[in-house]
Structure formats: structure tokens, C-alpha cells
């Protein structure tokens, strides 16, 4: 728990020093570290597909780091607020709120327990706004610690409010998704949608791609797709062992709940009891 808290604090701080288009995709590195530590500490088998997935994540991360845009110089939290209140980002925010409202009011009550995209859609859409708020708050704290007090500006507290609201909403629906569906299904889909929407929000709000030529932008997108490929490969094959398909501890799970080899729904032990 301590290391988790330290990691989240470091991740929060990273948004104050680097563009979200760089920080967010690099979250895939935690998947690599988890896979390696599970192999060393928990004696879980890291098969050839797992190694390949890790390699793809590393290659994609290096590609993005080498071609990522520079962080724009910001002297006050009011500058971030001005960026957040420009028409383009306001339009994005309104579209996100409308989409989230439709999902929560109409689709989740009807399809939430059968379609994983309902919960993940809410998490990812709200998550993209939470990252922009985290970046604004992080910049305010960075400038404050540097000697320029930003706590006197109401914009700092507005970003704090949006961070708390968005994170609570995001975690609530992510927990519902994990309670309802298999982690191997939720994790890669959530990573793809959350990262894609965060990059889109960052490009709209901070104009990260302004000043970059098409070659750099295409290379960054290729690095992102490479990370996605490695992430999907790791999650898709995490229960396999070399030459045997799924690992023995998962062989007793019946195929009627599997979609392309991965159970879509979580197994509920209560459903297995005799009447």
C-alpha cells in the first residue's frame, strides 16, 4: 500500500512537469514491472508471449519519449484555466458530460451487467477530464513550491474540486466494471480508451501537437499503437503456459463464459451452489 501511494504521488507529480501525451501512455510500464515481479516473487510463468508483450511496451515507450512534444512554459494557474475555458475544450467537456449522462441514465441500467463498454466508457470519459484537472492542480502546486503562491487563486481550488469529483466518479464505475467483468477484459480496454481520450483532451486543451511536424506526430501514434499491442498481448495470454494453452489453475473454468479464450464475466461462487 505504501509503494502504491508513492507511485500515485509520483504519477501526479509527473503531470506537472511533462505533457499528458507523454505521461499517460507510459503507465503501461507498470504492467511490465508487475509481470516481471510476479515471475520473480510469485513464481508465475512469464512465457514467450509475455516477454514479447513487455518488449513491445518498452519499444513503444521509448518511441514516444524520443518524439514527445516539449512541455509549454506556464507561469500561473490562470494560464491553465484560460486554456481550459477556450471554446474547443469547453465543447469537448460538454460532449463528455452529455455522453456520460446518457451512459449513466439510459445504458448502464439496461446493459451495464452485459456490456463492459458501459462502465468503461464512463471511466474513460471522466478520466480524461480528471487528468486535465490533475495537470492544472499539479502545475499550481509546482509553482507554489517554487515560490510563486498559486493557492490565492480560485482557479487552483476549482481544479482541486474537479479532481476530487472526477476521481470519485472514475473509481466508482471502474470498481463496478471490475466487480462485474473479468479483469483480463476490463484492464486492456480501459487502458486503451482512457489513454486515447486523455491524449485527445490534452491535444485539444494544451495543443501538444502545435509546432510538431507530421513525422513526429505519426511516430508518436505508432509508439502508442505499439504499447497497445504489447498491453493486449500481455493480458490476452497471461493465463497461458508454453505449449499448453491456459494454465492448469484456469482449466476448470468452462468455455461457455469465454470470449476468445477470456471469460467476459467474473465467476460468482454463489451461482455455482446447488439450489
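Including glycine, each Cβ sits where the backbone N, Cα and C put it.
All TrEMBL annotations are machine predictions without curation.
Note that this is a predicted model, so its numbers are computed, not measured.
Nonlocal intrachain contacts for the transmembrane segment (12-41), taken as residues 6+ away from its ends with a CB within less than 8 angstroms of a stretch CB, comprise 50, 53-54, 57-58, 60-61, 64-65, 68-71, 131-132, 134-135, 138-139, 141-142, 191, 194-195, 198-199, 201-203, 206, 208, 220, 223-224, 227, 230-231, 234, 238. Marked as transmembrane segment by TrEMBL: 12-41 (among others).
Residues annotated as transmembrane segment in TrEMBL: 48-69 (among others). Residues 18-19, 21-22, 25-26, 28-29, 31-32, 35-36, 208-209, 211-212, 216, 219-220, 222-234, 236-238, 240, 242 of the same chain, all 6+ positions outside the transmembrane segment (48-69), place their C-beta atoms under 8 angstroms from a C-beta of that stretch.
The transmembrane segment annotation in TrEMBL covers 89-109 (among others). With a cut-off of 8 Å between Cβ atoms, the residues of this chain six or more beyond the transmembrane segment (89-109) that come close are 83, 115, 118-119, 121-122, 125-126, 128-129, 132, 200-201, 204-205.
Residues annotated as transmembrane segment in TrEMBL: 116-137 (among others). Taking Cβ pairs closer than 8 Å, the transmembrane segment (116-137) reaches residues 12, 15-16, 20, 24, 77, 80-81, 84, 89, 93, 96, 99-100, 103-104, 107-108, 155-156, 159-160, 162-163, 166-167, 169-170, 173-174, 176-177, 180-181, 185-186, 189-190, 193-194, 196-198, 200-202, 205-206, 264 in its own chain, all 6 or more past its ends.
The transmembrane segment annotation in TrEMBL covers 157-174 (among others). Distant neighbours of the transmembrane segment (157-174): 77, 80-81, 119-120, 122-123, 126-127, 129-130, 133-134, 136-137, 140, 186, 190; these residues of the same chain sit at least 6 beyond its ends, with a Cβ under 8 Å from one of its Cβ atoms.
TrEMBL lists 181-205 (among others) with the feature transmembrane segment.
A Cβ distance under 8 Å defines the sequence-distant neighbours of the transmembrane segment (217-234), meaning residues of its chain 6+ beyond its ends; these are 21, 25, 28, 31, 35, 49-50, 52-64, 67-68, 188, 191-192, 195, 199, 209. Look at TrEMBL and you will find 217-234 (among others) tagged as transmembrane segment.
Residues annotated as region 'Disordered' in TrEMBL: 245-275.
Sequence annotations record features per position, and here TrEMBL assigns compositional bias 'Basic and acidic residues' to 263-275.
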